[in-house]
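Copied over from TrEMBL:
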type	residues	note
DOMAIN	32-293	domain 'G-protein coupled receptors family 1 profile'
TRANSMEM	20-39	transmembrane segment
TRANSMEM	51-71	transmembrane segment
TRANSMEM	91-112	transmembrane segment
TRANSMEM	133-160	transmembrane segment
TRANSMEM	180-201	transmembrane segment
TRANSMEM	230-253	transmembrane segment
TRANSMEM	273-295	transmembrane segment
Amino acid sequence: MDDNASFHLATVDVSAINRYGILFLFIIGTLGNLLNVYVFSRPRLRHNTCVLCLLLSSFLNFLVLIFGAFIRCLIGFNIDLTYNSSIFCKIHLYMIYVSQSVSLWLIVLACIDRYLSSSLNIVHHRWINRQKTSFIMSCILILTSLSYIEVFYCFEASLITKSICSAKSQLCSYIDTANFLILNSFLPPSLMLGFGAAMLINIKQSHKRIEDTQSYPRPIHRINRRDKQLISMLLLEVVLIVISMVPITIIKFYLTATSLRRKSQQQINNEYFAYQILITVSYINSSGMFFIYTLRGKLFRIELIRLFDRLLCCYQQNQLRQQIPHMAWIHPIEHF
């Protein structure tokens, strides 16, 4: 197979992935994140600081799917909104980077929150309050937004980049890769794994302390059922994030490190295809959280069932309202 045929085949395969794979992730991810936002905003849950982080993270994942997966899906149908449009190119990438990064750092904050809540040290529990959490979330948003300002300088969709939305120089490519690796794909998963391991240690110590108090009764901090469910949901979420983000981290670092090396057209085509596949895999993080919460969160499932019950009740009431006038016309009631 010659180089042109190989490139054409890789392009066709990528278009098919964008057209069907990304579309599937976009649909289930959009519905899932909207349901996440609804459930986590319920009065029973939204006052919890960890749930507040998950609520905002779900909303930001929704933005990632809109600006990332949806635009990529359109490219699969040969509709590229970023082509030859520098303004939309910059806004599109900026929204993806910032939304994804802030979402990941909010999960890190949620892990820290659950680590403190599961600690046997009562002093750590005093650090958990809504005011401090809101302040830290505001700092995360501001610092991340400032960190990705470089996008407005480094990316173009003009004659410099052959009308394709990409970095306009090698230096810009290095800066973009470093930013992505630090803020999106390396630090957040590493911190999540660290605090996730710390949570497991806290839970193990709590169980051991409970066993000890059976022989020598004394006051002890117990992890309540809601905290256990949130910790379980977070740990599974961390696993999903690591699985979906680590591959794109590796290939992005590899492509940047070998960008100046001479490569055959076949190798370039293979790298292009692999990179596009792993970008698709990275969207699993933004679209799959709903299934994690449904699988491991009993409180989440209860609120979700209540929502479906309300929708079913509203549907039945509407059906009843439509049938009553019809029944009255068929069987008129005479008034005497």
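Here the Cβ of each residue, glycine as well, is placed from N, Cα and C on the backbone.
Against the transmembrane segment (273-295), stretch 20-39 shows more Cβ pairs under 8 Å than any other of 20-39, 91-112, 133-160, 180-201. Most Cβ pairs under 8 Å with the transmembrane segment (51-71) belong to 91-112, among the candidate stretches 20-39, 91-112, 133-160, 180-201. Model confidence over the domain 'G-protein coupled receptors family 1 profile' (32-293) is summarised by a mean pLDDT of 84. Against the transmembrane segment (180-201), stretch 91-112 shows more Cβ pairs under 8 Å than any other of 20-39, 91-112, 133-160.
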